[in-house]
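Below is one structure, written out as C-alpha cells; comments come after it.
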Amino acid sequence: MQPLVTIDKVEMRYGGEDGLLAVRDLSLSVAKGEFAAVVGPSGCGKSTLMKLVTGLYIPQQGVVTVAGSRVTKPVSIVGMAFQNPTMLPWRTTLDNILLPLEVVDRHRRRLRANKAEYVAKAEALLETVGLKGFGQKFPWQLSGGMQQRASLCRALIHEPDLLMLDEPFGALDSFTREELWCIIRDLHAAQGVTIVLVTHDLREAVFLADRIFVMSSRPGRIIEERAIPFARPRDLEIMYEPAFTDVVHELRGSIADARKAA
Amino acid sequence: MSTASKGFNWIKAAPWLYTAALFILWEGAARGFNLPQYILPAPTVIAQAIVQYWSAIWKNSLQTLYTTLAGFLLAVVGGLALGILVGWSRFIYAGLYPLMVGFNAIPKVALVPVLVIWFGIGTVPAILTAFLIAFFPIVVNVATGLATIEPEVEDVLRALGAKKMDIMLKVGIPRSMPYFFGSLKVAITLAFVGSVISETVAANSGLGHMMLGAQSQFNVPLVFAGLVMLAIEGIVMYAIMAWIEMRMTGWAHRSQTMAA
C-alpha cells in the first residue's frame with residue numbers, strides 16, 4: 001500500500017533560530033487505511049507532530065507529504081479531535097458537527113442547498129457513535145464521554161481521508177474510554193479512514209493500532225517502530241491475554257529508556 | 001426550592017423588603033434626630049417634592065434618559081466595532097491599548113468644557129460625555145472575548161482551511177457575546193454618570209441641571225427627588241440590560257439554569 005502520510009527528516013524549532021527544538025530528524029510513514037499510534041514520554045513533541053501533518057506548522061527542515069503532495073498550507077482532508085472536546089456551547093450538537101462543512105471549500109458552497117442531506121449524514125454519524133437523538137441537545141447538556149463522541153463526529157463529517165486524534169480519551173473514566181475504543185475501532189473498520197492516534201496510554205495504543213511509533217523525549221524523533229500483529233476485529237478481552245501484555249510491557253520498557261536518555 | 005414549599009418566596013421578596021427597610025430607617029433617623037430639611041430630608045418630604053414638582057421632574061428625567069440612551073447607543077456601536085478591531089489583530093491591539101488606557105484615565109468631567117467649546121451648551125455634550133465614559137468597558141470586554149478563543153477550536157478550523165474571517169464569524173464573535181452583553185450593564189450605569197456630569201457643568205435641562213438649580217435655592221428635597229429619579233432610571237435600565245443579556249446568551253449561564 002502506498003503511504004498517505006510521510007514525514008522525512010523533519011526538524012521543527014519554535015520561536016526562531018535559538019528557539020525550542022521540538023522535533024529533530026523525525027521520520028515516519030503511515031500507509032493508507034492504516035491505524036497508527038504514536039506514544040512517547042510527555043513533552044516529546046507529539047502535538048507538534050499533529051500540527052506538522054495537518055499543515056498548521058511548516059517545518060524548517062525536511063518534508064511532510066500528505067496524499068502525495070508536499071504540505072505547505074493547511075490540508076483540508078484531515079479531521080482532528082483533542083482531549084478537550086471543544087464543542088461550541090452556543091450551537092446544538094448537530095450544528096457543532098456541521099461546523100467543518102461551513103469551512104471546507106467544497107462543502108460550504110453546497111451546504112445551504114443540500115442542508116437535509118448533510119443533516120442526515122450527521123445524524124447517521126451520531127447513531128454510529130451511540131448518540132442517536134441527541135443532535136438537538138446543547139453540548140453542555142451532554143456528559144464528557146458523549147461530548148467526546150460528538151467531537152469524533154465533527155472530525156468525520158467532511159469525510160476526511162486522515163483522522164488525527166490527540167489523546168482524545170485522556171480525560172475520560174476507564175469504562176467510557178473502553179467504550180470509545182470500540183467505537184473508534186468500528187469506525188476505522190467501517191470507513192477505511194487512516195487514523196493517527198497520539199496517546200500516552202500504551203494499552204490503548206496496542207489495542208487499537210496496526211503500528212506503533214515510539215518517540216524519544218525532546219527533541220522528538222522515532223526510536224522504535226513496531227507492528228502489532230493481533231488479528232482484527234479485536235475484542236476488549238484481548239487485553240487480558242499474555243501476548244498483549246507482553247507487547248505493552250516491552251513498549252513500556254522502550255519509553256522508560258527514552259526518558260532516562262533525556 | 002425549599003422556599004417555595006413554605007408558601008412565601010423570601011428570596012424574591014428580599015429586594016423590596018430591603019428597600020422598604022432602608023427608607024423606614026432613613027425616615028426614622030430624619031425624624032428621630034430632628035434633622036433640618038436642608039441637611040437630610042426624610043423620604044416622605046422627598047415624595048412630597050416629587051409630587052409638587054412632578055412636571056419639571058418628568059421633563060428633566062426624560063431629557064436625561066434621552067441623552068443617556070443616545071450616548072449609550074453610540075457607545076454600543078463604537079465599542080463593538082473597536083472591540084472587534086482590537087481583538088482582530090495583535091498589532092492593532094498592541095498599538096491601541098495604551099492609548100485607550102490613557103484616554104480612559106482622563107476624568108470625563110474635564111472633557112466637558114472642551115465639548116462645550118466645540119458644540120455649545122446643551123444636549124450634544126451630554127450625549128458625548130455619556131458615550132465617552134460608557135464605551136471603554138464595551139471595547140475591553142469584546143476584545144477579551146475575542147482574545148480567549150480556545151486554541152484547539154482554532155486549530156480544527158484552520159486545519160480545514162478556515163480564514164481569519166471564518167474563525168471570527170463562527171467562533172470569535174459568538175464567543176465574545178456574553179462578555180459584550182455583560183458589559184452593557186456596566187456601560188449603561190456609566191452612561192448615566194456621564195450625562196449627569198455634563199448636565200451639571202453645562203446644560204439648560206436634564207436632572208443634573210435641575211438639581212444644580214435646586215441646590216442654589218437651598219431646595220434640598222428637590223435635589224434628593226432628582227437623585228431618586230436617577231436611581232430609578234438606573235435600576236430600570238440595568239434590569240433591561242440584564243434581561244437582554246439573559247435572553248441573548250442563555251448558554252453562557254447554563255450552570256444557573258441547570259441548577260434551577
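Yeah, the Cβs are placed from backbone N, Cα and C, and that goes for glycine too.
Annotated domain 'ABC transmembrane type-1' per TrEMBL: B:61-241, in sequence order.
Outside the transmembrane segment (B:7-26), and at least 6 residues removed from its termini, the chain residues within Cβ reach (under 8 Å) are 40, 42-43. Annotated transmembrane segment per TrEMBL: B:7-26 (among others), in sequence order.
Per TrEMBL, the feature transmembrane segment maps to B:38-57 (among others). Residues 23, 26-27, 29-31, 207, 210, 218-222, 224-226, 228-229 of the same chain, all 6+ positions outside the transmembrane segment (B:38-57), place their C-beta atoms under 8 angstroms from a C-beta of that stretch.
What TrEMBL records for B:69-89 (among others) is transmembrane segment.
Marked as transmembrane segment by TrEMBL: B:109-136 (among others).
Look at TrEMBL and you will find B:178-198 (among others) tagged as transmembrane segment.
Cβ atoms under 8 Å from those of the transmembrane segment (B:218-244) belong to residues 37-41, 45-46, 48-50, 53, 57, 60-61, 64-65, 68-69, 181, 184-185, 188-189, 192, 196, 207-208, 210-211 of the same chain, restricted to positions at least 6 beyond its ends. Under the heading transmembrane segment, TrEMBL lists B:218-244 (among others).
Sequence-distant contacts of the transmembrane segment (B:69-89) (same chain, six or more residues past either end, CB-CB distance under 8 Å): 96-97, 126-132, 134-147, 164, 168, 172-173, 176, 180, 183-184, 187-188, 191, 194-195, 237. Listed by sequence, the residues of this chain that lie at least six past the ends of the transmembrane segment (B:178-198) yet keep a Cβ under 8 A from its Cβ atoms are 64, 67-69, 71-72, 75-76, 79-80, 83, 108-109, 112, 115, 125-135, 137-138, 140-142, 144-145, 206-208, 230, 233-234, 237-238, 241-242, 244-245, 248-249, 252.
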